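Taken straight from Swiss-Prot:
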- 102-224: domain 'MPN' (DOMAIN)
- His173, His175, Asp186: Zn(2+) binding site (BINDING)
- 173-186: motif 'JAMM motif' (MOTIF)
Amino acid sequence: MAITDWPEEQRPRERLIRHGAAILSDAELLAVFLRVGVTGKSAVDLGRDMVAHFGSLNGLFSATLNDFSKINGLGPAKYAQLQAVLELARRSLCEELQAGVALNSPQAVKQYLQLLLSGRAYESFVILFLDVKNRLIVCDEMFRGTLTHTSVYPREIVKAALGHNAASVILAHNHPSGTPEPSAADQTLTQALKQALMLIDVRVLDHFVVAGKQVYSFAEQGQL
């Protein structure tokens with residue numbers, strides 16, 4: 001049955017307008033995005049198929065066009081729409097950080113890094129360079145590695161911090177394995193970067209490890 005044949009109070013779009021997006025399930029939110037289903041399936045059914053196929057929203061958001069198009073009813077047009085929505089969300093959070101709330105809103109930093117890093121099939125090391133008022137200057141993906149390892153060079157980070165005239169930085173990388181706890185190597189690297197940046201009067205405010213929906217904060221755990 002098409003969603004247009006459902007009782008109005010059960011239709012995802014109408015429920016969103018009346019009660020807000022937070023009450024909708026993942027499949028219902030995707031149905032609003034999709035607008036229509038395919039033969040024999042409503043948009044909600046198709047939304048459920050998408051979540052089941054990719055295992056999670058993070059898996060869906062990081063899917064390639066080829067993988068995305070394997071689901072009947074999905075193709076380049078919907079893929080482009082989804083990527084545009086994700087990029088708008090990233091830019092919205094980036095604007096919030098640039099407004100000078102990096103320290104006052106650690107949750108915004110976490111959300112931004114989750115959007116940026118979760119779902120990647122390789123390790124990526126990014127740095128948020130901040131000015132003296134804790135406003136974001138730039139977020140730079142400085143190093144990219146494999147499924148289990150990324151080579152990070154402190155000298156390059158020091159050079160970048162000087163180049164951006166940064167007063168402080170926030171470090172972040174992802175764990176494609178899905179486990180957010182930092183390794184011994186992560187802890188050693190964090191301290192090495194802290195010491196190297198201290199020599200040029202740049203503070204390390206935090207180091208986040210992103211693993212899907214989980215984010216580990218070195219600062220929150222008292223490891224800085």
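The backbone N, Cα and C atoms fix where each Cβ goes, and this holds for glycine too.
Worth saying up front: this structure is predicted, and the values here are computed from it rather than measured.
A Cβ within 8 Å of the Cβ centre of His173, His175, Asp186, the residues given for Zn(2+), is found for these other residues of the same chain: Glu123, Phe125, Thr150, Asn174, Pro182, Ser183, Val209, Val210.
Using DSSP to sort the residues of the domain 'MPN' (102-224) gives these counts of helix, strand and coil: 37 helix, 36 strand, 50 coil.
Every protein chain considered, the tally of other Cβ atoms within 10 Å of the Cβ of Asp186 (Zn(2+) binding site) stands at 18. Of all the Cβ atoms in the protein chains shown, 23 others lie within 10 Å of the Cβ of His175 (Zn(2+) binding site). All protein chains included, His173 (Zn(2+) binding site) registers 24 other Cβ atoms within 10 Å of its own Cβ.
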